[in-house]
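Here the structure comes first, spelled out in structure tokens, and everything after it is commentary.
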């Protein structure tokens, strides 16, 4: 499931952003196998991971120490994940939380997000997916009310719904515009195919075909300039990234 | 051990339905005998009373004709001779109702000398007799009264006789019924025992075992027949599951075998970074394929077991189709396929469903349609109403599905021979079937009529009228 992130030597390891001060992650998960795998994976990416096995221990840890992001399993002994998150939110702990659950339904996801979770991932998941989502939570997108987005040579006018590259207008379909806006709000960040499907198209299933790749391919052909490096780069085994110098 | 099992067997005997039925029948027999006795006795006693009255009145009318002297003589004789068996009381009283001659010494208090028969209780006779008597008093010549009486001893005798005969007849009848019941129950029990043994063998894993088929065409036999048919069906389902298991194993094994072979080669051959990267990249592709199969299987299981309808709401088919076209248009374009939405004149159609799941259905069907349609073809999505049913059709100009394979394609891992070369988990349509079953909708596979020159397939999803949301509701 995991793979070395330095497959392509021309790219610096994209999934390990080398946090300035080690990012602290609280993992509350009772399945020791999954926990061990997650801890090893995240630590190899330079995160500092604190692992708790029960809901009660996780809650007291979450209330008493500072973490940058939490990963909480839904089904926990003593105190279930959703109650834990609700309690954290009641005590004004606003650390972003990613909820983990067994393969399950949409209503589960909805209740997970309602309880105060920020993202939701069903088991089994790829480590790249988890890492990308954690990074997305750590680097909250720029959702301020600005009307212009800039990424490298790209400029997006959110009111006029226009995009220019180095001043040259690019004609985009509405769906391409939505996709590019999502990417431009998250520059230099790995975005998995599932994240794109969920957030841009609002779909929660894994299509049989490489749908997202086709959409990205179409967008690339419109925004890239020949002879210059591609703005949207494929991250092998993980997803895509809008690389801005 | 033998005694123990014998006792158990005897206990079982008393618990069999046949034996319980026997007990009920025996109780009914006793009840009916009692009723027979009661009605027979009451009928006989009415008859006996009437006979007594006739006898008394006839005797009285005969004795009335005698002269006073002769009558007195007769009464005296009667008090002692054999006729007392017929008439138990014969007495003469004077006009003041004082005793003259006979076997009754006091005038009974309740007796009126009106020539009619009266029932006189023992107290009224002044303690002379202890039984109830039927009496008649008539005036006889010489200003005297003649009193004749007959006791109810005949009726008592009759009752004794009938009770006795009933007891004598009921005991052997009941015993016979019980014996029959025990024998019948024993037979039923031994058949049930055979069935139990057969079921035990089935539970131990011998799925080919069936319940014994007897010659009788009774309810037990019909039940055994139903159970056997159920076992046939279960065995067939188990075989199917075993086949699916084999298919899963095969479909998972193929990419894994490739991974293994490739890694093996990489270990022994050229170690350049480029070559190794290539190996790893292919390996990941193959592993992804295995994961896709596992994920799809889990998802189907989840949908089939979950029966969750919590996410149900009103879904606008037009917007559903618009979204799916938005999602799949680029991929259709790359293959040079025209993907379009064709609507009829119907007003917007709304169905009751889970939007996320329905999108998944459409995505799978459109995905398939594009996959199996050659370049330059067309895929049309049509929405329309038909007989109160909402129809959602995905028609293509692709290779089509032969009529003989149309049922099988929704089975797990079914891949038409024509399409073996096209990648896919082979689970898309079973996922579609599972989701549609949750919606009580049906999937029909028809022949396309878009281009008659091409034998394309049309996937026709039919939502029943109960799943269609009427405007305004």
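Cβ atoms here come from the backbone N, Cα and C positions, even for glycine.
Automated prediction, rather than curation, is the source of TrEMBL annotations.
In TrEMBL this protein carries:
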- A:24-138: domain 'Response regulatory' (DOMAIN)
- A:73: 4-aspartylphosphate (MOD_RES)
- A:146-244: DNA-binding region (DNA_BIND)
- A:146-244: domain 'OmpR/PhoB-type' (DOMAIN)
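In the predicted model, the DNA-binding region (A:146-244) has a mean pLDDT of 88.
In three-state terms derived from DSSP, residue A:73 (4-aspartylphosphate) belongs to an extended strand segment. Residue counts of the domain 'OmpR/PhoB-type' (A:146-244) by helix, strand and coil are 34 helix, 25 strand, 40 coil (DSSP-based).
Its Cβ placed at the centre, residue A:73 (4-aspartylphosphate) has 23 other Cβ atoms within 10 Å.
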